[in-house]
Amino acid sequence: MDEDEPLPSYEGLAAAFAKAKAEKERDEAQGLRATTGNAAAANKQGEVHFKASHGILIAFFSWILALHALGIYLFTSGFLLTRLVLEHRSHCSVPPIDVAGSYTPGSPDAGCWHPKTFDKAIVIIVDALRYDFTIPFHPTEPEKPRHFHNSIPFLYDTAVKHPNNAFLLPFIADPPTTTLQRLKGLTTGTLPTFLDAGSNFAGTAIDEDNLIEQLHNASKRIVHLGDDTWHALFPGYFESNLTHAYDSFNVWDLHTVDNGVTEHIFPLIHPSNTSQWDVIIGHYLGVDHAGHRYGPEHPAMTAKLNQMDDIFRRMVDQLDDDTLLVVMGDHGMDAKGDHGGESDDEIQAALWMYSKRDRFGRSSPSYNIPPATAKERPVSQIDLVPTLSILLGMPIPFNNLGAPIEEAFIGPKGNDFQNLATVSRLTAAQIHRYQQEYTRGKGLDDTTRATALSLWDTANGAWTSLGGSKRSTHDQLHHISSAFLAYQAETLSICRALWAEFDVPRMLHGVQILALTLLTLGLYARGLDGERAELTPILLTRGIIGTLLGAGLGMGISFAFSQLPREHVVIYTTAVGSIAGISTGFWHIRRRLVSPLPNSIWGWVCVTVTVALSAGFAANSFTIWEDEILLHFLCTFGILGALSSFRQKNSIDRALGCYHSILFVVLTRIASLSRLCREEQMPYCVSTYYASANSSTSATWQLAIPYTVAFLLPNFIRSYYKGTRNFQGSVVTWFDFALRFGLLLSAAYWTLDTADDGDWYPGYGEMLKTTKTIIAQLVFAIALAFGYSTFAWSKPFLNIETKTRGATSSSDQVVADGGTSSITILGYANVHGSRYAFLVTMWFLAITLVQKPMGAGAIGIAWWQIFSLFEIIDTNKLSDTPVGPVVLGLLGSFHFFKTGHQATLSSIQWESAFIPLRTIKYPWSPLVVVLNTFGAQILCAIAVPAIVLWKQPPKKKGLLGDVAKAIGTHILFYAVINLATTMWAGHLRRHLMLYRIFSPRFMTGALVLLTVDVVAIFIALGGARISFLSVGEVFGWTG
Ligand SMILES: [Zn+2]
Ligand SMILES: [Zn+2]
């Protein structure tokens, strides 16, 4: 059969094989083989046996996944900060302390606890308005103003020129700096708990006392415009006929939300409409989105800030005398325009208040100029809560911990210390009331707050000694208000420390579960001698029995001792029970156990690398420089591979091994050119992932990368198929047409995206957006829909030749020989490897699409390295060692960094959710973000079975067990890293760098482990089933 002849169909191939065999048999009239009937029955039995073994392996690894999830959950729930949420509400008629002077409290119209200052308020949130955006930039040579400098001068100018009408102050956010968390802080006045950070994707209603609820209960009409996060937090509180909410997650859209807010807010401010509302909340998102999309250092940011400046000028023109105007940022943004963490740039927002009538003042003339940096005279974001409550005559929300802002209460002359002392006392008294309730609810003793209580007594004593006399001096009153504020500050710091409490038993039990699971997996992956597919059923059965017994025991204990936390007890006993169960399973097959410690140099290299990596996570510098350390490990592996290849006896193996090892090192080096630096790596690191260090868009030249990938890479990978003569059948169509076309479309997607970003075709933005979304969906369809149907239905990538005796043929192709003719199967030697590796190429296409241009290059290199690794493993005969799965783990971890990620919250490329979709759709949007973030680890995990299948003939026994062993080893690598980062995070929980470095690394490790578990089980092991069935169909089952 020559190359031009039409390729046989799936059945056709089997038929051709059978026909050729039959012809050969007839020609040679040997007739000594088993009868066809018996053979068919044995074959069927082999297939059934395979399917059952495979199903058991899936169940076994799923069970490991469940244990990982339980361990991680238990640790995380003890590790992340917890706070008791009090249900109490403040009431207008019940001030926290007797009200000074002749004022009668209880009327929202006059002011609940204190006479109100304003009737109405317009509160504008400019999302991510960083403090340094709002103050003039005074360049020191050789610095030049950036795009974000001097673009919104109005706030500063009014504060300087009209200090009685306006003030501007740094406004410090409590991390995590995500909008949802900030809005909670800005309305309740309390501190965030870390667990809440994860719920940013789906906000839930606030169940604590808050300013919006207080306004609503006082029958104030609240209008909301802009970011729809508010509706998730405060469902039903807004005037539905006037309110307009907009989707907040489309970070690539800079204008829809802003234009919507502006369009609706000005008619409402118009004098003819002011009677329809009491408070307007306008939430602009353009600045934040410009940051996410372009970074602060971009003309789009200048334009956005100019637009905001213009809006505020117009608002001030229209404002009436009794309305307060507040403008603030909910957080800042880092150098790339992202936020979420606790770096200075992320927490430093701006606060500006404005009143037409003279209301505000400064206690010192030097305060007339707003602070030059956010380090001077900052106010906390929670300070807005008591300030706004008192100014609008509302009670202070029950859980508030903030303090009143001096500028708002000191009076136009800057000397109304009576007023300042009164509001400081009210605020402190509410905090005192809250503290008493909290202490009662949590069962705390008074020793933790002894200092705070004595500060409270001092302040009260000073107040009482004055007896409210009218002739108190400014100094005395100033002293009193400082004393109350000292109590507030002390309580705040106590709460910060208190809510940083960890539930150590939970954390320890979580670590124990992870450690025991690790031992189980280690023994399974490296300590079993024999066919894993045959040993797994007994382990699984015992494991399930243990799980059930453990769960029952936990239930029993938690009912018997009701003071124990039930969920904690049940999870712990279930996990320990199931591991105890599997241990009896291991005991049962103890003759098959061998030492899991390696017995070769290569094995020890793997152990050393993994242990070194794990130990290193104890040091912040190691964690910060993880990307560079992985680079060195991978290069070392390549060099060892080359040295080992030199020692091979077979000259072809020697040459191939050396070539692929050197290629592996070179590719690692090229990939290392792509970097995204984390803040702590500065100034010793240059980011190249985006156009510049201050940008979050790709440079135009980087578009060449996806095109290069599309034109060259399929040829390179094709050569691995050609090398073993497996470039046959549907794989030809795939490489030469579908894959290449998909890659070109993906490059086209990023070209359109750049065109859209750079506004190359003004007026066609909408068209570009629609086109690129369609293109992205098309690429996914090619990669996964077309890819999977090809993968599922195609025959092994082989070709069959029948030759008469005498024709020369190379030794690795002949399967049946003897007599006068021979059947030659081209690609026989690598039938398993080539068939399975198709899956890697499909997922490569899907992952490439969701990476930015630089990331497409990195993933392309990872793909190429994976195929080189197959060859290195094969030529050095390492497929039975842990080398392949461990190096794939290193490779996945390395390319995680090379695709523009870091173990930080702010490096998550949320906008990738919008590549194939224009709005958030569950579950797809989070899945796309996962595919973007962990694309490298996912691709490497899918490649694991190919390590043992590469260049394996169809009839080899025990291959499925070898696949299980490789997958087990690969998961083991990530499980060690996860256990190490978890233990270090727990151990270093009081470390200064916990939330900057150790905690994000622990969360990354946990998420990677769970992702790799899922991918290894359902994509890799699941894919192996399809591939084995296809090979078995043609060559039969060996049982
Ligand atoms: Zn925000
Ligand atoms: Zn944002």
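The backbone N, Cα and C atoms fix where each Cβ goes, and this holds for glycine too.
Residues or ranges marked as transmembrane segment by TrEMBL: 56-81 (among others).
Same-chain neighbours of the transmembrane segment (511-527): 64, 67-68, 70-72, 74-75, 539, 572, 575-576, 579, 582-583, 586, 593-598, 882, 965, 968-969, 971-972, 975-976, 978-979, 982-983, 986, counting only residues six or more beyond its ends whose CB sits under 8 Å from a CB of the stretch. Positions annotated as transmembrane segment by TrEMBL: 511-527 (among others).
Positions annotated as transmembrane segment by TrEMBL: 539-563 (among others).
Sequence-distant contacts of the transmembrane segment (569-589) (same chain, at least 6 residues past either end, Cβ-Cβ under 8 Å): 63, 67, 70-71, 73-74, 509, 512-513, 516-517, 520, 523, 528, 535, 538-551, 553-555, 557-558. The transmembrane segment annotation in TrEMBL covers 569-589 (among others).
Per TrEMBL, transmembrane segment is recorded for 601-623 (among others).
Away from its own ends, the transmembrane segment (629-646) comes close to residues 602, 605, 609, 613, 616, 622, 653-654, 656-658, 660-662, 664-665, 668-669, 672, 872, 875-876, 887, 890-891, 893-894, 897 of its chain (Cβ-Cβ under 8 Å, at least six residues beyond either end). Look at TrEMBL and you will find 629-646 (among others) tagged as transmembrane segment.
Sequence annotations record features per position, and here TrEMBL assigns transmembrane segment to 699-717 (among others). Long-range Cβ contacts of the transmembrane segment (699-717) within its own chain (Cβ-Cβ under 8 Å, at least 6 residues beyond either end) map to 690-692, 735-736, 739-740, 743-744, 746-747, 750-751, 754, 758, 841, 848, 852-854, 856-857, 860, 863-864, 867.
Under the heading transmembrane segment, TrEMBL lists 729-752 (among others).
For 774-793 (among others), the entry in TrEMBL reads transmembrane segment.
Taken from TrEMBL, the feature transmembrane segment covers 927-947 (among others).
TrEMBL lists 967-986 (among others) with the feature transmembrane segment. Packing against the transmembrane segment (967-986) from elsewhere in the chain are residues 61, 64, 68, 72, 75, 79, 502, 507-508, 510-511, 514-515, 517-518, 521-522, 524-526, 532, 610-611, 613-615, 617-618, 882, 885-886, 888-889, 893, 937, 941, 944-945, 994, 998-999, 1001-1002, 1004-1006, 1008-1009, 1012-1013, 1016-1017, 1020-1021: each is 6 or more residues past its ends and has a CB under 8 Å from a CB in it.
Residues or ranges marked as transmembrane segment in TrEMBL: 1007-1028 (among others).
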Subject >> Spatial neighbours of the transmembrane segment (774-793) far in sequence, C-beta under 8 Å, 6+ residues away >> reply: 10, 730, 733-734, 738-739, 741-742, 745-746, 748-749, 752, 838-839, 841-843, 845-846, 849, 915-916, 1023, 1026-1027
**OP:** Test the contact criterion for the transmembrane segment (1007-1028) and the transmembrane segment (56-81): 3 or more CB pairs under 8 Å, pairs 6 or more apart in sequence, then answer yes or no.
**Re:** yes
Subject >> Chain residues outside the transmembrane segment (601-623) and at least six past its termini with a C-beta under 8 angstroms from it >> reply: 629, 633, 637, 640, 644, 680, 878, 881-883, 886, 890, 903, 973, 976-977, 979-981, 984, 987-988, 991, 993, 997-998, 1001
Original post:
By a Cβ-Cβ criterion of under 8 Å, what residues six or more beyond either terminus of the transmembrane segment (539-563) are in contact with it?
Top reply: 56, 59-60, 63, 524, 569-582, 584-586, 588-589
